[in-house]
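K.L.:
Pulled from TrEMBL, these are the listed features:
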COMPBIAS  1-11  compositional bias 'Polar residues'
COMPBIAS  12-21  compositional bias 'Low complexity'
COMPBIAS  99-110  compositional bias 'Basic residues'
DOMAIN    736-825  domain 'Smr'
REGION    1-21  region 'Disordered'
REGION    92-125  region 'Disordered'
REPEAT    232-266  repeat 'PPR'
REPEAT    267-302  repeat 'PPR'
REPEAT    303-337  repeat 'PPR'
REPEAT    338-372  repeat 'PPR'
REPEAT    373-407  repeat 'PPR'
REPEAT    408-442  repeat 'PPR'
REPEAT    443-477  repeat 'PPR'
REPEAT    478-512  repeat 'PPR'
REPEAT    513-547  repeat 'PPR'
Amino acid sequence: MAPTTHFTPSQAHAAAASHHPAAAAAAAPATATARLHASASASAPAAAAALCPPFLAAGSHSVACPPVQNPIFSGPAAPWAVQPQRAAVGALGPEFRRARSTKNISKRNNRGAGGQDRGGRTSSAAAGRCVDKLLRVAPDDRRALGASLSSFRGELVGPDDYCHVLRELGDRDKSAVRALEVFHAALPLVGNGSVDKGKLLTAAIGALGKMGRPDLARRGFDAGIAGGYGKTVFAYSALISAYARSGLATEAMGVLESMKGAGLRPTTVTYNAVIDACGKGGVDLRFTLGYFRQMLRDGLCPDRKTFNSLLSACSRAGHLEDARAVFDEMTHLGIGRDIYTYNTFIDAICKCGNIELAMQVLLDMEAKKLKPNVVTYSTLIDGYSKLEKYEEALKLYEKMKSLGIRLDRVCYNTVLAIYVKTGKYAEIAIVCDEMEDSGIEKDTVTYNSLINGYGKQGRLDIVSFLVQDMRRRGVAPSVLTYSTLIDIYSKAGMHGDAFNVYLDFKESGLKADVVLFSSFIDTLAKNGLVEWALSLLNDMTEMGIKPNVVTYNTIIDAFGKSKVHAEEDPEVGDMGIVGVYNGQIIRAANPVTRGRSAIDVRMRRSQELYFILELFQKMVQQGVRPNVVTFSAILNACSRCNNFEDAALLLEQLRLFDNFVYGVAYGLLMGYQEIWSQAQSLFNQLGRMDSPTSSAFYNALTDMLWHFGQRQGAQLIVLEGVNRRVWENTWSEFCLDLHLMSCGAAQAMVHAWLLNVRSIVFEGRAMPEFLSILTGWGKHSKIAGASTLRHVIEALLNSIGAPFQVERFNIGRFVSPSVVVAAWLRESGTINTILLSDERAQRASPSNLVPRLEALQL
């Protein structure tokens, strides 16, 4: 352990300045963007091919494109060029940060000016009447659909009218079965020519794709191939587009390869669809750009749709600089930007949190006489909302209404979410009434937003009403609905209700996702049913659903918190979750946790560390990177086991996975002085991460050290945190704010702060009338006012005889007159009570070591 140093506020300030250079030294924004230009170097094609998928790079040749000389995104300055990877040894990657939401927000396509792509196709008036009649027929009544279509046989003009009927069904209908039946019924009516049947097939595939049924589109395509009229560029391109609409990138890429295998040459439309599929399917941006390069090699020229799809891919990937380069390149090539271009670019900017730049782009739109629409404003409102700038978001909402822009469901959902977050319940009712007056019905997204918002506010009565209203209106809940309800009830301690929601989900027929499983695993774990949570984790894996870091962290954190009752435990009741489902009482027992002797309880705590190590090993094997929450959960489990040797052995084993992080924790726990230089390197890495990540790390590490009697080491860690400004506004000479600190860190901080006040007293410096220590009164605790930190600090102050009392009108503040504190600090025995030293409170015998830890194959 490093030697003790006398800590003063001036030293803290100097140390903090050395670790936090001026923000003005940040690099200036780049002014140059990558350009599409002719490649004068013979190595350029090879460099471009390096970023292509292997099957694209093989055997490709560069072909000139009329508008520009062999354009290609290339060059070392290009933002999408492969950058050299930094060495991972001794470094913390971004995955070590706290888990962030991975939820994607779907944006609706603009259907305004320029949204139609019908070319010069025309249709007769009879085609429109035919569509109206078909929509009145039951979708599964094959005979009636065929009869309705045949009744217009003399009026419909050629295949174009039949294709128009299918396209209109794709735009106006939700029944994919109806569209497929109409396609089969129309086939004999367009004649025997393969060309006309091929046109009809393409229209049917496009309609089914719009309806979100690529499976039926594939079925129709396969029928066309078997019938000899499906082997066309248009049919293949339509199927790729159908997969793209559903974000099925792998299937879309497979169709492209089979198209080439069939001897057909892809067109610009084909590549646009593949690029769109890659963007929506979350394919790596380098692969998406690989298809773009292959398109250029095939001698095809990109159009506005190409760049819009590339821009959308950059937006979904959160690559703002790439999006900016694509956006600029459109002007360079003389390709005009439309409303969809601007909306997508604004979306990319908002995803990166640069709302000021997004507003500048809005002004640029207006300067170019391009009128922003509802999608533009909705995106900006959502951008402000994500930054919690609700007032600015609502100003845009009012501006929309003043401009007479008709709001859609997405915009209303965004505004409702803002009002829910800000607790403006009267405004919520007004917006809901506006939606109904406008003929816009609440959908699943609307209800999910309201349920989530009211749940976070603790308004469970309104949550219950919203669930009943969904059922009454026939709005089907989604997986997210069930996940949100499970999470809400679990956090409220209503585990029985959470269990009932899960049972409802099991009967819904929906396919579970990682969020739902993680929510229910969290419910089981918090209710002490760790074995059940582990069983659900195994079921999850068997179903092909990969657990994420949140799932594993939940179970790891549950170990040690589960109730293990000894035989002499007077607590009664042996049932865990109790729920009521369809009038039947559901009880979830956990028999393995009862009837234990005191020795068995201690042994079980040791065995739990073995399970934690096994879970950690599974995480690594499945490619799930542990983060700071994992670290905190493991250290907290070590603290709860009350066995120094077991905790040390666990950390020693974890060093085999990550010696940089867990090696430091192990060395500090053991009191090794030589570990301090490696710890400093780790703290430097943490300094480049966000404040929540850093503070969680320092809190967990200090808690463990404090728990096992390494008090001096714990104090060194918190002083290091103060020097590096890990906890904002914690330390001042005469006021100590402990709001953001854990119990162990806060206790170590109190001792350091009192030592510093003592130095001020003996220096004879002036002090204010009162000194204070802030802990908070428990506003955010499960039980309001029950602040664990406040009780811990109160007990600490009493144990060392510090003359601090709870303030009369603020139970979260301890105060004392400075003269009284000074007199106490001058007493001869006080220094011994506030100086800390390393001491191991418990020494377990070797028989208590985890029996199989050392034998575990890593």
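Cβ atoms here come from the backbone N, Cα and C positions, even for glycine.
Just so you know, TrEMBL annotations never went through curation; they're auto-generated.
Show me how these features fit into the shown structure, please.
P.N.:
A mean pLDDT of 87 is what the model gives for the domain 'Smr' (736-825).
Outside the repeat 'PPR' (232-266) by six or more residues, the chain places 55, 198-199, 201-202, 205-206, 208-210, 212, 214, 217-218, 221, 224, 273-274, 276-278, 280-283, 295, 298, 300 with a CB less than 8 A from a CB of the stretch.
Secondary structure of the repeat 'PPR' (267-302), assigned with DSSP and counted as helix (H, G, I), strand (E, B) and coil, comes to 26 helix, 0 strand, 10 coil.
Within its own chain, the repeat 'PPR' (373-407) is flanked in space by residues 105, 107-108, 110, 112, 339, 342-343, 346-347, 349-351, 353, 355, 358-359, 362, 365, 414-415, 417-418, 421-422, 434, 438, 440, which lie at least six positions past its ends and keep a Cβ under 8 Å from the stretch.
Sequence-distant neighbours of the repeat 'PPR' (408-442) (same chain, 6+ residues past either end, Cβ-Cβ under 8 Å): 107-108, 374-375, 377-378, 381-382, 385, 390, 393-394, 397, 400, 449-450, 452-454, 456-457, 473, 475.
Summarised by DSSP class, the composition of the repeat 'PPR' (443-477) is 27 helix, 0 strand, 8 coil.
Look at the repeat 'PPR' (478-512): DSSP puts its residues at 27 helix, 0 strand, 8 coil.
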K.L.:
If you run through the repeat 'PPR' (513-547) with DSSP, how many residues end up as helix, strand and coil?
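P.N.:
Reading the DSSP string over the repeat 'PPR' (513-547) gives 26 helix, 0 strand, 9 coil.
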